[in-house]
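Q: Handing you this structure, nothing more for now.
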Amino acid sequence: MNHLRAVPDPDATGPRAGSATSVRVEAPGKVNLFLSVGAPRPDGYHPLTTVFQAVRLIETVTARRQALDARGRITLTLADPDDAVPTDERNLVVRAARLLAEATGVTEGVDLLLRKRVPVAGGMAGGSADAAAALLACNHLWGTGLGLGDLLDLAARLGADVPFPLMGATALGHGVGDRLTPLMGRGTYQWVFALAREGLSTPAVFARFDELSAASAGGAGAPAAPAEVPEALTAALRAGDAAALGDCLANDLQEAALDLRPELAEVIETAERAGALRAIVSGSGPTIAALAPDSATAQRVARALCASGACADVVRADAPVAGARVVG
Ligand code: ATP
């Protein structure tokens, strides 16, 4: 494998690269404001046009040096153990650390601690945020000093949703969602997220999307290319106009997610009846993301969702927020 050149990054913030014994990084979850899906490519991946927004549901990864006698291993501990989150090589945090080590020739290993706040398998890219945080934390701990461009390349190799949490704020995604362009915007948006009792598998939702598109297009399937983002959406972001943004929210995976979980329709209705501008399935679901016009309405929507008993939990978060950053 070609090693990436590990050089001190002049833009690196936080502890001096390579000198710290512990580096803590925070990275945000996301909501898709727009998600258009094309027909699967020959490699099986679906081409996407999407608009990501980073929300204040924050994952924290702490990377620590190991004792000298334990050096060379990559280990992961969860701050709150969860049966749905593996701690071995299946975890994106471990895979991210290993990929960076291989790409830069580092052999010293790391102890990683993960604190999760993004719902697991909820369509909010929690695992991807963790991987982005792990890349940045290890880059600092090991003093490998890769710049953002190299980290984004490594992130894309880990998964389509991993580059975005490195960038944060609001961004347009092309390719499989990994080719990012930042979008200008102003203002703060108030989101209410209704969490489901059980996660949905992203591949299962895409498979149902393919079945439904084949059935509805007389067997032709989805158009080869995804739709472009409407000008009204980028204009709403530039103006910081929540009501106009609400009108533009769209998710091609919503029908498939609702087909797999019909009870989510009631969650959407409850949120909109309580004053949400719009409520949609977040990414591949099953989280429902409700956009509120202001903080008081967000509180009302959250209360209505809690009282309905139709979801497992409700969390509020404002957006957009910054991408992965070293905090200690
Ligand atoms: P996306 O929106 O990118 O499709 P998601 O938010 O729906 O992702 P994740 O929370 O990232 O889903 O987790 C999906 C699955 O990935 C989990 O069921 C779990 O088995 C596995 N996984 C691997 N690494 C992690 C991680 N760090 N946190 C949570 N789950 C992880």
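Positions of Cβ are set from backbone N, Cα and C atoms, glycine also.
All TrEMBL annotations are machine predictions without curation.
Copying in the features that TrEMBL gives for the protein in this structure:
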ACT_SITE  K30  active site
ACT_SITE  D161  active site
BINDING   P119, V120, A121, G122, G123, M124, A125, G126, G127, S128, A129  ATP binding site
DOMAIN    91-168  domain 'GHMP kinase N-terminal'
DOMAIN    235-309  domain 'GHMP kinase C-terminal'
REGION    1-21  region 'Disordered'
Q: Express the predicted model's confidence over the domain 'GHMP kinase C-terminal' (235-309) as a mean pLDDT, rounded to an integer.
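A: Summing pLDDT over the domain 'GHMP kinase C-terminal' (235-309) and dividing by its length gives 97.
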Q: Of the recorded positions K30, P119, A121, which ones put their CB under 6 Å from ligand 1?
A: A121
Q: Using a 10 Å cut-off on Cβ-Cβ distances across all protein chains shown, tell me which of the binding-site residues (P119, G123, G127) has the largest neighbour count.
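A: Per the Cβ count, the most surrounded site is G123.
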Q: Neighbourhood of the ATP site (P119, V120, A121, G122, G123, M124, A125, G126, G127, S128, A129): other residues with Cβ within 8 Å of the Cβ centroid, in order?
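A: Counting only non-site residues, the set is G29, V118.
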Q: Rounded to the nearest Å, what's the C-alpha distance separating G123 (ATP binding site) and K30 (active site)? Just drop the number here, would you?
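A: It is 8 Å, counting Cα to Cα.
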Q: With DSSP, how much of the domain 'GHMP kinase N-terminal' (91-168) is helix, how much strand and how much coil, in residues?
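A: Helix, strand and coil residues of the domain 'GHMP kinase N-terminal' (91-168) number 45 helix, 7 strand, 26 coil.
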Q: Cα-Cα, whole number of Å: A125 (ATP binding site) versus K30 (active site)?
A: 6
Q: State which of the following binding-site residues has the fewest other Cβ atoms within 10 Å around its Cβ: A121, A125, A129.
A: A121
Q: For K30 (active site), which of the three DSSP-derived states applies: helix, strand, or coil?
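A: SS state of K30 (active site) = strand.
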Q: Going by DSSP, how much of the domain 'GHMP kinase C-terminal' (235-309) is helix, how much is strand and how much is coil, in residues?
A: 43 helix, 11 strand, 21 coil
Q: For the C-alpha pair, I'd like the distance in angstrom between P119 (ATP binding site) and D161 (active site), rounded off.
A: 15
Q: Could you round the CA separation between G127 (ATP binding site) and D161 (active site) to a whole angstrom and send it over?
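A: Cα-Cα distance, G127 (ATP binding site) to D161 (active site): 9 Å.
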